[in-house]
Amino acid sequence: MSSLFVWLNRLAISAMQRSEVVGAAIVMSIVFMMIIPLPTGLIDVLIALNICISSLLIVLAMYLPKPLAFSTFPSVLLLTTMFRLALSISTTRQILLQQDAGHIVEAFGNFVVGGNLAVGLVIFLILTVVNFLVITKGSERVAEVAARFTLDAMPGKQMSIDSDLRAGLIEAHQARQRRENLAKESQLFGAMDGAMKFVKGDAIAGLVIVFINMIGGFAIGVLQNGMEAGAAMHIYSVLTIGDGLIAQIPALLISLTAGMIITRVSADGQQVDANIGREIAEQLTSQPKAWIMSAAGMLGFALLPGMPTAVFVIISAIALGSGLFQLWRIKQQDSQQQADELHAQQLAPEDNGYQDLRRFNPTRAYLLQFSQEHLNSEAAESLIQHIRRLRNRLVYHFGFTLPSFDIEFSPALAADEFRFCVYEIPLVTATFAVEQLAVRTSSIEIHLADGESDGQIQPGQAERDEHHWCWLPPQHPLLQQEDRRCWNAQQLIMLRMEQAIHQSGAQFIGLQESKSILNWLESEQPELAQELQRIMPLSRFAAVLQRLASERIPLRSVRTIAETLIEHGQHERDSAALTDFVRIALKEHICHQYQQPNGLNVWLLTPETEELLRDSLRQAQSETFFSLAQEYGINLLNQMRSAFPPYDNHHALILVAQDLRSPLRALLKDEFHAVPVLSFAELTSNVAINVLGRLDLQQSPPELQENDPCMNYAY
């Protein structure tokens, strides 16, 4: 036995090495089959081989990842068609001469006829009609359309390959391979368009051969062999039907193979193990609701009178179970995907050892960070919604676009910690999701000095910038006083977030955002936009908008801003001076923005202070600044801390002369970003002024402690 396998192996290797000789021998054998009579034993072998080849082809078509994987199919289709016709000729010769075409033909005929000749003929005709009118006709039309569309799409695909190569998206060898595949694809569908004519002709030839066998056999049996008409009709009908079936069944399988190949839709870069069976299963099970609705329909059929209830109930149960299983599987996949995303979030990109990073990851503009313990918590969701409402309100009222928020749940954060990062640099670090209430430390200092803390008063953490706050339980006696202001953790975060967004928002007014505003102006007032672009470049326009946004001046009055820049931009190039001109033009908006029911609450500078500041003005290349002695700077900051305590409700501002406004704002913006600095030129004629006090730099400053942060303040 082993020697037989060795011999067969050698024979197969030799045949593969001489495949062109084997192919030529097969073609010549098919031709000789049409001429030379074959013994019935050999006919049985060839019929079985024909059925095996057709079965192999249809299974192979199921596993093809794409039509191009079987580019030789048109040639195979031609050979199998010729082989089947040659086999039909051989069996016809044996039927007409010897009333015997082998065991397979007779077995097929007797099995299908089953004692009823009419039934056998009907079944045979149905198979033939299905093959000819349904499968062959449809495949032929699909082949025609596919060939036409493939040829029409070739120039576009060629240009796409060339553009990808020029852009560096693919290498030269990849472009060469794609061009070769494109050429093969066009040849394949063009050849399939012609090869389907073979299938159509084969079906027609099968019908003709059946009629020849039946009529010719009946005539030969009655006229030449002297058989009775009934016996001749029975014998030749059985053999004819058997012969037709052994030809039509492989023809039907080949037609199905051709139809499956040319109707296959495959995407570029499809996985190697993809096959049509898997794709059909995945796509049929992608919509579980359809299965559930079908189950309901089958249940409705089961309720109809006279219907087989059990059959429809079983089918309905199977469909319902399949739909519910698919829903469960989708839910499991979603849960797994969320778990994978959470796992990816927990790992820093540089610590990810599961996959290689292949794309550019820019820093995130706005990032909200929570502890991992708050994933899917109501407190985190509520805070995120409040922060987004705050952002949207600022975008609406101030007219500039802010980036959207990225949310991250980090295991590195404490359970009660919240962070707001700008370009991944923490700007706000706060206490989050605690039951205690926050009060200003200055408001309870007297109680702390008297020793009333009783262990329930927790000072705020300095690393969270909460050294001015204390945390108390909600039922603490100090919170029962009516004039005592307190905030919960979320309210305090919102106060700090509003200032942080205002403080960081100006850096997002760049060239792109300024161009968007200019595009809007072009659509509404094209002449104004054209003149503005003629007067100044986009970079200067963006610098003015950025300065306005940094001082919380709304940008919605685009027309006023543009007209002012056109008026003064012809002789002024400094963006700070242009910003002052725009502020004066927007004085009604500014006064309305800061006006309280009793007017503007302002702090003024003493005349001596104004003179001192004016004498210390220095002009740099791009800006004007104060060159103050250290004691004056310390004195100014201490007076500012006293006049403008954080989160004060007076909504006060500083009112100074026009030449001092911009440098004073630049001096105070780091610590007192929320304090507006206005000039007298920015006041309207009808606004009321409520003076709260005056700042005097010549007052003696208080003694500095060793660790006072003002000791090293640089001016």
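In case you wondered, yes, glycine gets a Cβ from its N, Cα and C as well.
Residues or ranges marked as transmembrane segment by Swiss-Prot: 23-43 (among others).
Cβ atoms under 8 Å from those of the transmembrane segment (45-65) belong to residues 33, 38, 76, 80, 83-84, 87, 90-91, 102, 104-105, 246, 249-251, 253-254, 256-257, 260-261, 264, 266, 270-277 of the same chain, restricted to positions at least 6 beyond its ends. If you look up Swiss-Prot, you'll see 45-65 (among others) marked as transmembrane segment, on the strength of sequence analysis.
Summarising the annotation, Swiss-Prot assigns transmembrane segment to 69-89 (among others).
Residues or ranges marked as transmembrane segment by Swiss-Prot on the basis of sequence analysis: 115-135 (among others). Sequence-distant contacts of the transmembrane segment (115-135) (same chain, six or more residues past either end, CB-CB distance under 8 Å): 109, 200, 203-204, 206-207, 210, 233-234, 237-238, 241, 244-245, 248-249, 251-252, 255-256, 259.
Per Swiss-Prot, transmembrane segment is recorded for 203-223 (among others), and the stated evidence type is sequence analysis. For the transmembrane segment (203-223), the list of distant contacts is 85, 88, 92, 95-96, 99, 124, 128, 131-132, 136, 229, 231-233, 235-237, 239-241, 243-244, 247-248, 251, 255: same-chain residues at least six beyond its ends, Cβ to Cβ under 8 Å.
Swiss-Prot lists 241-261 (among others) with the feature transmembrane segment, giving sequence analysis as the kind of evidence.
Taken from Swiss-Prot, the feature transmembrane segment applies to 298-318 (among others), supported by sequence analysis.
Among residues of the same chain six or more beyond the transmembrane segment (241-261), those with a C-beta under 8 A of the stretch's C-beta atoms are 47, 50-51, 53-55, 57-58, 60-62, 64, 67, 70, 73, 77, 80-81, 84, 87-88, 91-92, 95, 101, 104-110, 112-113, 120-121, 124, 127-128, 130-131, 135-136, 138-139, 142-143, 192, 195-196, 199, 202-203, 206, 209-210, 213, 276.
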